[in-house]
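> Take this structure first; my questions come after.
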Amino acid sequence: MFASLAVILLPLLLGYALPTPDARWLSWVNRSVSALVYLILFFMGMGLAAIDDLGPALVKMAGTTALIFTAITLANGLGLWLLSRAFHEHGRKGDRQPIAWGKVLLDSGILIGTVATGTLVGLLLPINAHLLSEAALVALLALIGIQLRAAGMSLRQLFLNRLGLFIALTLALTTLATGALLAPWLDLPVHHAMGVVSGFGWYSLSGILVSDALGPLWGATSFFVDLCRELVALALIPTLMQRAMPLAIGYAGATAMDFSLPVIQKSGGAQVVPIAIVSGFLLSLATPVLMAILLV
């Protein structure tokens, strides 16, 4: 257990402890994170190729992904709607500019294509890339620690923004509770089922960590669940923002502080941006920590 925690948390904390880099180095960090994500997703695809009876396994994975995604969406929606009522938060008016769906779908297609390419290469050249994948994961976590430090969120900022804090807590608790309830259907221990769902939309990290702990099939399942969350969030945020702002921000999960933030800002105005950043930052911080604890 402690070895697994160390592999995930030590490079993350080391990266977070480093001084905040200047703009030039931060740009290099961001590009390196992107490259490592694609590399590790490629390795995950190679791991999928090693599974016996891959075809039936992928069909089962698709059904499992649909079950988890549907259950989490309903639980998150109910919890965040109740939070909206408790805070008397209703809709916010903003700019309803269209989303650039072409780019969104292209980026998602490239991610899925990377996994598929790795699977194809693994079928043709059955090579064990586990050590390379582990090394890339450690480097990725250290760079993610640098990114989190560069976000510049102090503890005072996090805890003074009560709504952002409660949005993150509500999303995390409803997601983890759903994972625990689904454990018998997933044929997993409760803590592993909770670990599989604790990506909160951070598909580029969740798939990698789950794959490392439970194997490539569960890693791919977690990856697709979180990728679906991001795509559905982008589609629903403009509509949900008009009705229940915490629901719109919360469902975006960890992506509320980066990928989904432009859509949140356009839909809800500048006043909702601090709430989204706090919620997304807390969920981004929670993902590697929860997975390190639960996936043992």
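For all residues, glycine too, the Cβ spot is worked out from N, Cα and C.
Dumping what TrEMBL says about this protein:
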TRANSMEM  33-51  transmembrane segment
TRANSMEM  63-84  transmembrane segment
TRANSMEM  104-125  transmembrane segment
TRANSMEM  132-151  transmembrane segment
TRANSMEM  163-186  transmembrane segment
TRANSMEM  193-211  transmembrane segment
TRANSMEM  270-295  transmembrane segment
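Provide an account of the burial state, proximal residues and distances for the features listed.
If you look at the transmembrane segment (33-51), the same-chain residues 6 or more away from its ends with a CB under 8 A from one of its CBs are 57-58, 110-111, 114-123, 126-127, 129-130, 132-133, 136-137, 139-140, 143-144, 147, 204, 207-208, 211, 215-217, 219-220, 223.
Listed by sequence, the residues of this chain that lie at least six past the ends of the transmembrane segment (63-84) yet keep a Cβ under 8 A from its Cβ atoms are 90, 166-167, 170-171, 173-175, 177-179, 181-182, 185-186, 196-197, 221, 224-225, 228-229, 232, 244-247, 250-251.
Long-range contacts of the transmembrane segment (132-151) within its own chain (CB-CB distance under 8 A, at least 6 residues past either end) are made by residues 7-8, 11-18, 20-21, 26, 29-30, 32-33, 36-37, 39-40, 43-44, 47, 205, 208-209, 212, 257, 277, 281, 284-285, 288.
Outside the transmembrane segment (193-211) by six or more residues, the chain places 8, 37, 40-41, 44, 47, 68, 72, 111, 137, 140, 144, 171-172, 175-176, 178-180, 182-183, 186, 218-227, 229-230, 233, 252-255, 283-284, 286-288, 290-292, 294-295 with a CB less than 8 A from a CB of the stretch.
Within its own chain, the transmembrane segment (270-295) is flanked in space by residues 4-5, 7-9, 12, 92, 141, 144, 148, 151, 153, 157-158, 161, 163-165, 167-168, 171-172, 176, 191-192, 194-195, 198-202, 205-206, 209-210, 213-214, 241, 245, 249-250, 252-258, 260-261, 264, which lie at least six positions past its ends and keep a Cβ under 8 Å from the stretch.
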